[in-house]
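K.L.:
Dumping the structure here so I can ask a few things about it.
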Amino acid sequence: MSSAQSEKQTLFIASLIIIWYSSNIGVLLLNKLLLSNYGFSFPVFLTMCHMSACAVLSYVSIVFLKIVPFQRIKSRSQFFRIATLSIVFCGSVVGGNISLRYLPVSFNQAVGATTPFFTALFAYLITWKREAWTTYGCLVPVVAGVVIASGGEPSFHLYGFIMCIGATAARAFKSVLQGVLLSNEGEKLNSMNLLLYMSPIAVLVLLPATLIMEPNVIDATIALAVTHRYLVLLILINSTMAYGANLLNFLVTKHTSALTLQVLGNAKGAVAVVISILLFRNPVTFIGIAGYAMTVMGVVAYGESKRRNK
């Protein structure tokens, strides 16, 4: 590869990472803005908007734009396995959005950083997969950090915390379940095709859930849109960015190594915390920051230990 090509590739990957960061952090901050600051207290409906956008844009990008090759579902059992994943995925996104109504983004990210703990737990319970003891030892500061951060969080809310823990556990459960349910080589789907099939199923699950749990959502949205004239536009941008975050996650995974992605993912959480504190000006304490720092260091050590013990 010539130096000119190498520079172009480096510039492309750097641009991809910046846009990936912007879309991921943008979705998170817009969710918080809508659910807390705008008084749009309908996390299930908001998740349904996200999934609707993912369904439509996935179809357009795969079938028409051919970003990735279209993969067909090959059996009824494969469809039911994808549907199961979709329901778990729904639960994780709804739980995360509910938690943002009650918790600041900074604390939400601290709790979300415990994903490796739940992944290791479910991997052991479901597949009996064991890691080295040193790897498990790295999970101690991951959990301890969140316990410390919880004690030092001025805006702690028990229901929001339970929802956030539930969402984090569901996200980890989905990743382990995906490895088990789609382990057959002939039935493996790339993440974009998986999203194409999961999104419409998620919409079908979330529609009745919205009608039961948030029956006045349409009237309330119209009333809020009168006060906040950019509300509908923000929901549309937010939903489009939710798809963009998934697409960019796929592209960054494709063009970088797993280790680079892991490091970038850890740093992304820290960047989101700093931006959210500056933007929403939520109070933070030294104990809260120390707890979050301990969790992040534990996650980094866990990733490094896994890599060494492969």
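Backbone N, Cα and C define each Cβ position, glycine as well.
In case it helps, TrEMBL gives these features for our protein:
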- 12-30: transmembrane segment (TRANSMEM)
- 13-302: domain 'Sugar phosphate transporter' (DOMAIN)
- 42-67: transmembrane segment (TRANSMEM)
- 79-100: transmembrane segment (TRANSMEM)
- 106-126: transmembrane segment (TRANSMEM)
- 133-150: transmembrane segment (TRANSMEM)
- 156-173: transmembrane segment (TRANSMEM)
- 194-212: transmembrane segment (TRANSMEM)
- 232-252: transmembrane segment (TRANSMEM)
- 259-280: transmembrane segment (TRANSMEM)
- 286-303: transmembrane segment (TRANSMEM)
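Walk me through the surroundings of each of these features.
P.N.:
The list of residues near the transmembrane segment (12-30) in space but at least 6 beyond its ends in sequence, with Cβ under 8 angstroms from a Cβ of it, reads 100, 105, 108-109, 234, 237-238, 241-242, 244-245, 248-249, 251-252, 255-256, 264, 268, 271-272, 275-276, 279.
Note on the transmembrane segment (42-67): residues 31, 34-35, 90, 93-94, 97-98, 100-101, 192-193, 195-196, 199-200, 202-203, 206-207, 209-210, 213-214, 217, 220-221, 235, 238-240, 242-243, 246-247 of its chain, located 6 or more positions outside it, place their CB under 8 angstroms from a CB of the stretch.
Counting same-chain residues at least six beyond the ends of the transmembrane segment (106-126), those with a Cβ under 8 angstroms from any Cβ of the stretch are 28, 96, 99-100, 135-136, 139, 142-143, 145-146, 149-150, 153, 155-156, 161, 164-165, 167-169, 171-173, 175-177, 180, 266, 269, 272-273, 276-277, 282, 284, 288, 291-292, 295-296, 299, 302-303.
Outside the transmembrane segment (133-150) by six or more residues, the chain places 107, 110-111, 113-114, 116-117, 120, 156, 161, 287-288, 290-299, 301-302, 305-306, 309 with a CB less than 8 A from a CB of the stretch.
Residues 88-89, 91-96, 98-103, 107-108, 111-112, 114-119, 121-122, 150 of the same chain lie 6+ residues outside the transmembrane segment (156-173) yet bring a C-beta within less than 8 angstroms of a C-beta in it.
For the transmembrane segment (232-252), same-chain residues at least 6 beyond its ends with a Cβ under 8 Å from one of its own Cβ atoms are 16-17, 19-20, 23-24, 26-27, 30-31, 33-34, 38, 40, 46, 49-50, 52-54, 57-58, 61, 67-68, 190-192, 195, 221, 225, 261, 264.
Sequence-distant neighbours of the transmembrane segment (259-280) (same chain, 6+ residues past either end, Cβ-Cβ under 8 Å): 17, 20-21, 24-25, 28-29, 32, 37, 104-106, 109-110, 112-113, 252-253, 292, 296, 299-300, 303, 307.
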K.L.:
Residue list, the transmembrane segment (79-100) vs rest of chain: Cβ under 8 Å, 6 or more residues beyond ends.
P.N.:
28, 31-32, 35-36, 43-44, 46-47, 50-51, 73, 108, 111-112, 160-161, 163-164, 166-168, 170-171, 173-174, 177-178, 181-182, 189, 194, 197-199, 201-202, 205-206, 209
K.L.:
Across the domain 'Sugar phosphate transporter' (13-302), what does the mean pLDDT come to, as a whole number?
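P.N.:
Looking only at the domain 'Sugar phosphate transporter' (13-302), pLDDT averages out to 92.
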